[in-house]
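Asks: According to Swiss-Prot, the feature [4Fe-4S] cluster 1 binding site maps to Cys313, Cys316, Cys319, Cys373. Annotated [4Fe-4S] cluster 2 binding site per Swiss-Prot: Cys323, Cys366, Cys369, in sequence order. The annotation compositional bias 'Basic and acidic residues' is assigned in Swiss-Prot to 461-477. Residues annotated as domain '4Fe-4S ferredoxin-type 1' in Swiss-Prot, with sequence analysis given as evidence: 304-334. For 353-382, the entry in Swiss-Prot reads domain '4Fe-4S ferredoxin-type 2', with the evidence type sequence analysis. Feature annotation from Swiss-Prot assigns region 'Disordered' to 433-477.
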Amino acid sequence: MAMKIGTQKFKERVSDGLDNEFMRGAVSSAQERLRARRLEAAKELGNWEEWRSLAEEIRQHVLENLDYYLEQLAENVAKKGGHVFFAQTAEEATGYIRDVVKKKNGKKIVKSKSMVTEEINMNEALESDGCEVVETDLGEYILQIDDHDPPSHIVAPALHKNKEQIRDVFKERIGYRNTEKPEELVMHARAVLRKKFLEADIGITGCNFAIADTGSVSLVTNEGNGRLVTTIPKTQITVMGMERIVPSFDEFEVLVGMLTRSAVGQRLTSYITALTGPRLPGEADGPEEFHLVIVDNGRSNILGTEFQSVLQCIRCAACINVCPVYRHVGGHSYGSIYSGPIGAVLSPLLGGYDDYKELPYASSLCAACSEACPVKIPLHELLLKHRQRIVEKEGRAPISEKLAMKAFGLGTSAPSLYKMGSKWAPAAMKPFKEDGKITKGPGPLKQWTQIRDFPAPNKSRFRDWFEDRRKEKGEDK
């Protein structure tokens, strides 16, 4: 699965999302639940704004010194017996991974949850070589066996499915014969996946944070699949975005606490795993060979720009869990594996405006996302910067919008034209008026009035009213 999901146009995806009543209900319920948990976890920690500021400082410091910490990380991984590969593009990353798998004669691969591997289309690349790649995160596994259904949420990828749908998928694909009770579904998936773990040649993981001064990589999970992926297969490959790094375990401790509280409202998740290189002599478990693939794929182009702060993201999805737009249209409407406010900022930067020019406009600019972000990314401001760039630098504004803005600018710059326009506006809008409102507007108003009414121009103009008042009081002009 690549970063882009589906071939539908943005408006079609949004329409499908609005029509999906179950999805909207599930998203609304999940948002309320996760938001309440996050607020309670923040209250329990105390001094939440100070913790946010500290987390922001850590992420800013890393980005400003990223070359130093990446070099330190690579050196320490190599010292511990691991291999490091810097991939500038998605193709370079998948090419290296495919080469490692071929050299190890790997055919069966187990994988823990990783957004960056989906971004670079890794699964499809390995499957084209005849490998079996099995997602072991339960949500990702459900989506994979359901014809590679794309994720709709960064933390809860199968949020858009209910238990009855999951039951039917299990019955059709993995021989399930029981009810839709979650515990029965989980037990069946566990039995199927346990066999996959034991048969695997290669384990592939993502990385929540890499620790530069020890050469370690960390996994934050609630299911324990990450530990099985990293301890049973003989070869482990970890894939990380180049920005997902901290100087030491001191900074890691701060960020992982902010991550778990912001994502699911927990003090800590069930499993926090730090792995440092391949198995050493005398150790009971762990891989015999370890590879770390550090992916750029457009991230270096963001460094040093007005959008650099988006790379502070720790993938907690707190912004998604408070977004009113996501609440109504769901994750698939964004057309990217990165949904919600963070996706609306990041996807155009990594994937370009050709595919994602609408996303910066998929926002009410209420700033709830910026307030929720544990590392203080000013998401609503970045969305505005995107809009400005789209119009001024990219020249991608619709022709109708350009003409409307030019007409408005011309009219408001000349008092005589403004006076004439305000005088004739009520008559011009009369054919579209119904019960004092415009219900089916022309031109640029058409899309607006498809879903809401537009106030009709009033025959009584403010300037006339004001002038009459002045005359009544005998005031001079």
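Quick reminder: no glycine exception, Cβ is built from N, Cα and C everywhere.
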Asks: Would you mind listing the long-range same-chain contacts of the compositional bias 'Basic and acidic residues' (461-477), meaning Cβ under 8 Å and 6+ residues beyond its ends?
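Replies: Apart from its flanks, the compositional bias 'Basic and acidic residues' (461-477) reaches 419, 422-423.
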Asks: I'd like the Cβ neighbour count for Cys366 ([4Fe-4S] cluster 2 binding site), meaning other Cβ atoms within 10 Å of its Cβ, all protein chains included.
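Replies: Excluding its own Cβ, Cys366 ([4Fe-4S] cluster 2 binding site) sees 13 Cβ atoms within 10 Å.
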Asks: Taking DSSP as the reference, which of helix, strand or coil describes Cys369 ([4Fe-4S] cluster 2 binding site)?
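Replies: The residue in question, Cys369 ([4Fe-4S] cluster 2 binding site), is helix (DSSP, three-state).
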Asks: Could you tell me the C-alpha distance between Cys319 ([4Fe-4S] cluster 1 binding site) and Cys369 ([4Fe-4S] cluster 2 binding site) in angstrom, no decimals?
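Replies: Cα of Cys319 ([4Fe-4S] cluster 1 binding site) to Cα of Cys369 ([4Fe-4S] cluster 2 binding site) measures 4 Å after rounding.
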Asks: Using the Cβ centroid of Cys313, Cys316, Cys319, Cys373 as the reference point for the [4Fe-4S] cluster 1 site, which residues of the same chain not in that list have Cβ within 8 Å?
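Replies: Neighbours within 8 Å of the Cβ centroid, excluding Cys313, Cys316, Cys319, Cys373: Ser262, Ile314, Arg315, Ala317, Ala318, Pro341, Ile342, Cys369, Ala372, Pro374, Val375, Ile377, Leu379.
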Asks: Across all the protein chains here, work out how many other Cβ atoms are within 10 Å of the Cβ of Cys313 ([4Fe-4S] cluster 1 binding site).
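Replies: Excluding its own Cβ, Cys313 ([4Fe-4S] cluster 1 binding site) sees 23 Cβ atoms within 10 Å.
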Asks: Please report the distance from the Cα of Cys316 ([4Fe-4S] cluster 1 binding site) to the Cα of Cys369 ([4Fe-4S] cluster 2 binding site), rounded to the nearest angstrom.
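Replies: So the Cα of Cys369 ([4Fe-4S] cluster 2 binding site) lies 12 Å away from that of Cys316 ([4Fe-4S] cluster 1 binding site).
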Asks: List, in sequence order, the residues of the same chain other than Cys323, Cys366, Cys369 whose Cβ lies within 8 Å of the centroid of the Cβ atoms of the recorded [4Fe-4S] cluster 2 site.
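Replies: For the [4Fe-4S] cluster 2 site, the extra neighbours are Cys319, Val322, Pro324, Val325, Tyr326, Pro341, Ser363, Ser364, Ala367, Ala368, Ser370, Ala372, Leu379, His380.
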